Every structure is written in structure tokens, then in C-alpha cells.
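Take a look at the structure below.
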Amino acid sequence: GKNEYDLLVIGGGSGGLACAKEAAQFGRKVAVLDYVDPSPQGTTWGLGGTCVNVGCIPKKLMHQAALLGSALKDAQHYGWNIAQPVHHSWSVMAQAVQNYVKSLNWGHRVQLQDKKVKYFNMKGSFADPHTVRGLTKAGKETTVTADNIVIATGGRPKYPTHIAGALQYGITSDDLFWLKESPGKTLPSFPLYVALECAGFLTGVGLDTAVMMRSIPLRGFDQQMASLVTEHMESYGTKFLKRCFPTKVEKLESNRLQVTWKNTDLGTEETDSFDTVMWAVGRAPDTKTLNLEAVGVKTNSETGKIIVDASEATSVPHIYAIGDVTEGRPELTPTAIAAGKLLAQRLFGQASELMDYDSVPTTVFTPLEYGCVGLAEEAAVQWHGPDNIEVFHAYYKPLEFTVAERDATQCYVKVVCSRDTEQRVLGLHFIGPNAGEVIQGFALGIKCGATYPQLMKTVGIHPTCAEEVTKLHITKRSGLDATVTGC
């Protein structure tokens with residue numbers, strides 16, 4: 001018999017929704033299955049996936065709240081008379097952020113309806129390669145059949161279950177953005193970008209925050225830049241418990257949480273109490289209930305992620321996977337969206353273009369933002385050899401920081417180039433205000449194969465932080481002082 005839908009997407013996050021809406025543009029019959037399992041602490045949310053509900057969107061808004069706090073301090077230097085002390089209300093911020101997120105949930109539902117995409121608020125699992133069984137919260141079962149199926153279920157935060165009390169008393173980013181009351185004194189562990197971003201805005205809104213850091217910060221990013229980011233955070237008020245790892249979490253009579261940890265440098269055991277303990281130990285693909293084994297969809301046994309080829313196809317013909325649930329892909333919203341659209345165009349629009357995962361720009365929204373595109377310096381050395389790369393760099397001071405007398409020690413930019421005659425740009429790294437906006441523009445140039453001479457011919461916009469990229473002339477190899485003086 002004929003299948004009910006041309007395309008069924010399991011997962012209503014950024015990638016899944018983009019794929020479903022694009023397929024519907026071709027006049028195909030499309031359905032989306034989406035269901036949010038409550039977090040261990042009971043937090044749930046609506047349609048839209050991680051980015052909308054517990055990721056990029058609420059994170060950037062809370063980061064903005066923290067930046068406004070810094071701006072209030074700066075404002076006095078610029079002549080604004082602001083009554084002291086200023087006070088931040090978590091509940092007012094949280095309500096505003098949560099209301100906006102709910103409006104996005106509703107917007108996604110309306111868009112699906114407008115595009116005639118059928119939405120099932122159900123948890124899906126494969127019955128056979130063309131059939132998915134959907135289960136509602138109330139336990140009602142529906143069977144959906146489709147010619148093509150796309151898995152876009154993303155990931156959920158992992159818990160360090162080997163630590164006593166971790167699951168019982170800790171929260172993750174799945175919960176933080178939906179707290180109605182202030183988390184108080186908070187301990188994020190470990191220093192992945194999510195923990196650093198959260199620690200940054202928590203400190204910024206006036207909360208006592210300490211990050212537990214067993215090894216290096218921002219694993220996978222350029223380590224010189226990562227060190228500058230954490231140095232700035234320390235000077236800004238975030239504490240770092242370096243070379244430490246937690247061993248247990250206990251609840252005190254006061255309802256506070258007592259955390260015990262080992263300090264590997266000193267060989268000692270230490271304790272402190274916190275109002276909130278937040279785990280950031282990475283994310284696991286949300287595939288447990290999909291019943292992938294039954295239909296033969298292959299996964300990486302170590303990561304649990306679905307193995308796909310360059311066309312996002314799994315080991316089963318007509319079953320595809322996109323976004324964070326797939327092996328070897330960046331866990332980023334824009335890549336999932338682009339991959340979802342291109343997949344729909346290949347399936348239903350006679351297109352052949354594949355998603356290009358090279359030179360994807362990204363930004364870490366710490367108090368001083370870090371944006372990058374292309375290779376980290378370590379990766380460039382590894383790929384090309386230390387004698388075949390040239391690093392141009394500069395420490396600069398944003399003009400806005402001068403009157404406000406803000407420390408700019410960690411404002412830094414570097415361009416990693418090949419050392420041949422062409423001097424192609426291999427990587428661009430920028431720490432400073434509005435890093436995301438800066439990197440977005442330069443990302444186009446790097447995608448087009450920009451070279452260092454072309455960068456030097458680019459006229460800077462004065463006075464901006466971004467223009468510092470167009471003035472880089474000191475190499476690391478030279479050993480000269482890279483501090484920018486004058487305007």
C-alpha cells in the first residue's frame with residue numbers, strides 16, 4: 001500500500017522544522033513528530049527544539065541582560081547619573097525571556113499550519129523502515145507511514161551519574177533558562193562553552209558563580225583564545241576552581257547543596273555549599289526510544305550518534321538524519337537548518353547541492369565574546385606544520401572602553417595564514433565586543449578563499465573593533481610587541 005506522507009520528520013528543532021517547511025514548499029505531504037521528555041528536574045517546553053527553548057535564544061537574551069549591567073557601570077563615566085546601588089530582578093528577566101520563547105513556540109506551530117505540515121505532539125519510535133509509532137503524553141498511539149523519514153531529534157545534556165547526588169540535586173541548561181526564581185550562588189561544571197556562557201551572565205547579573213574546571217577550557221576551540229576568555233571572566237568576577245573535579249553532592253538542612261571535590265594539584269578534598277549546581281558535561285544524542293536497531297540504522301557505539309554520509313543518508317535507504325544527532329557534524333543551529341533545507345531540495349526539488357561543513361563561523365557569548373571561523377592555531381600547525389603557517393596578531397583597546405576605563409587586556413585578534421606566496425587565511429579568531437557580528441562578515445571572505453594580502457587591502461571602518469582585523473601586521477614569529485597604540 002501507499003505511504004501516508006512523502007516525508008516524516010522526527011524532531012521539531014531547528015533542522016527538522018527547516019527540512020519539513022522546505023519539503024512542503026514543493027507541494028509534498030509532510031508531517032513532523034515532536035515530543036519533549038521532561039528533564040530529570042521536570043522542566044518541559046514547546047515546539048522549536050534546543051536553540052529556541054533552552055539554547056541560543058534564551059542564552060543570548062540573558063547575556064544581553066548581563067551586558068546591560070556592565071553598560072550601567074560604564075554609563076556613569078559617560079555622564080549618566082545612575083542611582084546606586086542598582087539591583088537586578090531575575091524573575092522579571094526570566095518572565096520576559098520565557099514569554100518571548102513561548103511566542104516562538106506558537107509561531108512555529110502557526111508556520112507549520114500555514115505550510116500545511118501536519119504536526120504530531122508525539123514521541124516517535126520505528127516499527128519498520130517506513131512506519132513510525134507515535135505516542136502521546138496520555139498514552140494514545142498513532143501510526144504514521146512515510147516514503148522518506150528524517151531523524152532530527154538533537155541531543156540532551158548528559159549527567160555525570162558516577163557522582164553521588166548529581167542527578168538528584170543538579171540541574172542542566174535544560175532547566176536554568178526556565179527557573180522562575182534566581183538560582184543564587186551557582187556552580188557550573190565543567191568549562192564547556194555552555195558552562196562559560198551561563199557563568200558569564202550569572203556573574204553579570206550579580207550572582208556568586210564558580211566554574212569547576214578539571215582540565216582545559218573550551219575544548220575543541222583555539223586554546224590561546226580560550227585562556228584569554230577565562231582570564232577575562234576571572235577579572236570580571238567569576239571564580240574558577242582549577243584542576244578540580246566533584247565527587248559528591250549532598251543536600252543540607254538549609255536546602256543548600258554541599259559539593260565535595262578533589263583538587264588534583266594539591267591532592268586535597270574540599271567542600272563548599274551552593275544554591276544551584278549546574279552540570280555542563282556535554283550532550284548525548286536523543287535516540288534511546290527511536291528503536292533504531294530494529295530498522296538497521298547504524299550509530300557510533302561510543303557517541304550514540306547516527307552515522308551519515310555527505311548527503312545526510314543513514315545506513316538505511318530513505319532514512320536520513322541531520323543536526324546534533326549526527327556523527328561528526330558541528331552542534332550548531334545554522335548548520336542544521338542549512339542541512340535540512342538542502343536535504344529537502346535534493347529529495348523533492350531535483351537539486352544536488354550538499355551541505356558544506358567547512359569554515360563554519362561560530363561565537364561563544366561569554367562576557368567578552370569570542371568569535372572564530374576556520375582552523376584553530378593548533379589545528380593549523382597539525383595540518384600544515386609549524387613552518388608552513390604565519391600568525392598575524394594584535395592586542396587592541398575598543399574605543400568604548402577608554403572613557404569607561406575598562407580593562408582591555410584580553411581584547412585580541414589573530415589571523416592564521418598559510419606561509420606560501422598566496423597566504424590564504426586558514427583561521428580568524430576575535431575576542432571583543434560584538435564578536436559574532438564581526439566574524440559573520442569576515443566568514444564570507446574566508447568562504448571565498450580570502451588571502452592575507454586581500455585582507456590588508458580591505459579598508460577598515462573607523463573607529464570600530466572589527467577594523468583591527470584589517471590592520472594586522474605583526475607576526476608571532478617576529479616576537480615583536482603586538483599591542484596596538486594610537487587610533
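Here, residue 1 is simply the first one shown, and the rest follow in order.
Note: Cβ is positioned from N, Cα and C throughout, glycine not excepted.
Reviewing Cys19, Cys56, the cysteine that TrEMBL connects to Cys51 via a disulfide bond turns out to be Cys56.
Gly124 (FAD binding site) sits 54 Å from His462 (active site, proton acceptor), taking the C-alpha atoms as the reference points. Considering only the recorded positions Lys60, His462, the Cβ with the fewest other Cβ atoms within 10 Å is that of His462. When each of the binding-site residues Gly124, Gly282 is scored by how many other Cβ atoms sit within 10 Å of its Cβ, Gly282 comes out lowest. Those residues noted as binding FAD (Lys60, Gly124, Asp324) have their most widely separated CA atoms at a distance of 31 Å.
Gly282 (NAD(+) binding site) and Asp324 (FAD binding site) have their C-alpha atoms 12 Å apart, to the nearest angstrom. In terms of local Cβ density within 10 Å, Cys51 ranks first among the disulfide-bonded residues Cys51, Cys56.
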